[in-house]
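Everything on this sheet refers to the single structure shown next.
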């Protein structure tokens with residue numbers, strides 16, 4: 001018998017590490033921004049943190065799988081060692097942690113739109129999309145964890161027990177992929193359509209479009225992963241046949257985390273461009289440390305009757321996620337239960353007319369001096 005000593009384990013290791021670093025660094029910057037600067041850490045950030053933990057576990061188990069022979073042919077491992085059952089065990093566990101991380105990511109994406117407090121119809125559609133994505137991923141997770149009794153038979157055929165047909169796992173993975181792709185499109189295309197109908201500056205309109213379009217990269221990874229799902233039906237050489245599938249489901253997860261972290265990093269990127277290269281991107285007010293914003297307080301009839309009907313709408317002519325200073329100024333004079341950043345609220349239209357309106361205009365100017 002001729003053995004093939006081909007080994008694709010390095011491809012799994014390199015791709016997984018690069019993508020995981022991208023996801024962890026981008027999400028870490030988002031968390032730092034939300035916790036220490038905007039003081040606006042919320043449920044979407046919490047779910048994203050859970051997703052990052054899940055993708056870190058996925059990376060760990062994939063690296064262990066490669067250590068024990070994943071990426072090589074089963075026939076070769078049976079002769080040269082190590083036991084391919086160990087590699088398959090870690091690879092199957094990585095599938096489960098990936099599904100868990102994906103569910104948390106979908107919750108994070110959905111909650112990031114819920115915090116904008118859009119119309120009831122839009123909010124209901126967001127919750128519906130989240131529910132569909134969660135159910136699709138849950139079906140695949142159940143298929144992974146319940147495919148064999150006992151579970152050890154899933155990676156070691158020497159163990160006595162029974163298993164479902166590979167068709168069951170494959171079908172649930174197709175369902176999971178369809179749910180992920182559908183939710184990605186809704187969470188990406190929906191904001192693009194919405195942005196085109198609200199009043200924002202031309203720069204911010206295109207900047208927002210570019211940020212949201214990064215979400216399509218995760219969709220592309222999901223589509224490629226779906227194409228690779230036929231590998232689950234091969235079965236005869238699982239440590240070799242499923243390598244591409246492992247790479248792409250990991251990429252879908254990590255790219256999704258990266259795309260979800262971008263909106264909070266836009267202003268940081270622009271500040272870096274100006275600091276190091278004197279490149280002005282976006283509002284010139286921010287670049288000159290000139291902050292201008294208007295706070296409008298409207299009290300409707302119902303709120304006036306209740307004595308607590310104050311709803312604050314912030315209309316800010318600033319760049320995304322650059323209200324660190326503005327947030328502190330506002331909270332000194334008005335305490336509100338909504339600490340979200342302007343990056344979350346600036347794409348909203350103005351509230352409908354009615355009630356009593358009071359407008360305060362605050363201008364803080366600090367001229368920058370040219371360095372010698």
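Note: Cβ is positioned from N, Cα and C throughout, glycine not excepted.
TrEMBL annotations: computationally assigned, not manually curated.
The feature domain 'Rhodopsin' is assigned by TrEMBL to 29-268.
The annotation region 'Disordered' is assigned in TrEMBL to 335-358.
Annotation comment: TrEMBL describes 12-31 (among others) as transmembrane segment.
Taken from TrEMBL, the feature transmembrane segment covers 43-70 (among others).
What TrEMBL records for 121-145 (among others) is transmembrane segment.
According to TrEMBL, the transmembrane segment annotation covers 173-194 (among others). Same-chain residues lying 6+ beyond the ends of the transmembrane segment (173-194) with a Cβ under 8 Å from its Cβ atoms: 99, 102, 106, 109-110, 113, 118, 122, 125, 129-130, 132-133, 135-137, 139-140, 143, 208-209, 212-213, 215-216, 218-219, 222-223, 225-226, 229, 232, 252, 256, 347.
Under the heading transmembrane segment, TrEMBL lists 206-227 (among others).
Taken from TrEMBL, the feature transmembrane segment applies to 247-265 (among others).
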For the transmembrane segment (12-31) and the transmembrane segment (247-265), check the count of CB pairs under 8 Å (sequence separation 6 or more) and say whether it reaches 3 or more.
yes
Does the chain bring the transmembrane segment (43-70) near the transmembrane segment (206-227), so that three or more CB pairs sit under 8 Å (pairs 6 or more apart in sequence)?
no
Are there at least 3 C-beta pairs under 8 angstroms linking the transmembrane segment (247-265) and the transmembrane segment (206-227), leaving out pairs fewer than 6 apart in sequence?
yes
